[in-house]
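Participant: Mind looking over this structure? Questions follow.
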């Protein structure tokens, strides 16, 4: 059985990229100042830094983004209440109306920096080993996979996928939060460990109460998820349906067929 998937397009990625390019650069704080501050400084590492390498040379800004970076302070100073999206829209319009001499100047600066970047990147790539290249490639794929999983979870939520019921153990944990709440002197980890040990010692008769509730809701969930997935297939949202449900079940085996195979 073959289905087609509905492809959804989004402009959020382009707008977000423009906003990030236009935002002013924030200079890094000195180590002394960072140590005095009470708020932790979180700096994301590049893929190369995760492998233990220095960050790779950055590509130079194109003439368009150079124009936006130069003109943004002037536009914000003249319009203090302007939003970031409005800044992007106005600067995009101003770029279309900019004179040729300005564009030529920015283009010349870009070409110069591009040449420097190519030389630096060639030298940088020459220092990488095959193992480091493979590790960087794997990290890039991990980033792509993680992004796809986040997008899929978001789509599933937006499409109203039935929520899987809690297990018997999680139901017990939830009830214990009310019946035996965490002591102020306890950490959550300590409370959870103590509650888990309590569940282990719980008689089977008391566990059965939670298990019956879980089984009852699981049956309702199975019916609801089947109806929902059938609806998603009809609408073309195949990517949110469990893979096993996209395959036609095999023909039921008769007793004669089974006996013939055994011989």
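Count begins at 1; order follows the chain as displayed.
Glycine is no exception: its Cβ is also placed from the backbone N, Cα and C atoms.
No curator has checked TrEMBL annotations; they are predicted automatically.
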Participant: Among the residue ranges 224-243, 244-263, I'd like the one that TrEMBL describes as region 'Disordered'.
Facilitator: 244-263
Participant: Which numbers of helix, strand and coil residues does DSSP report for the domain 'HMG box' (162-229)?
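Facilitator: Computed counts for the domain 'HMG box' (162-229) are 52 helix, 0 strand, 16 coil.
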Participant: So what pLDDT does the DNA-binding region (57-125) average out to?
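Facilitator: That stretch averages a pLDDT of 93.
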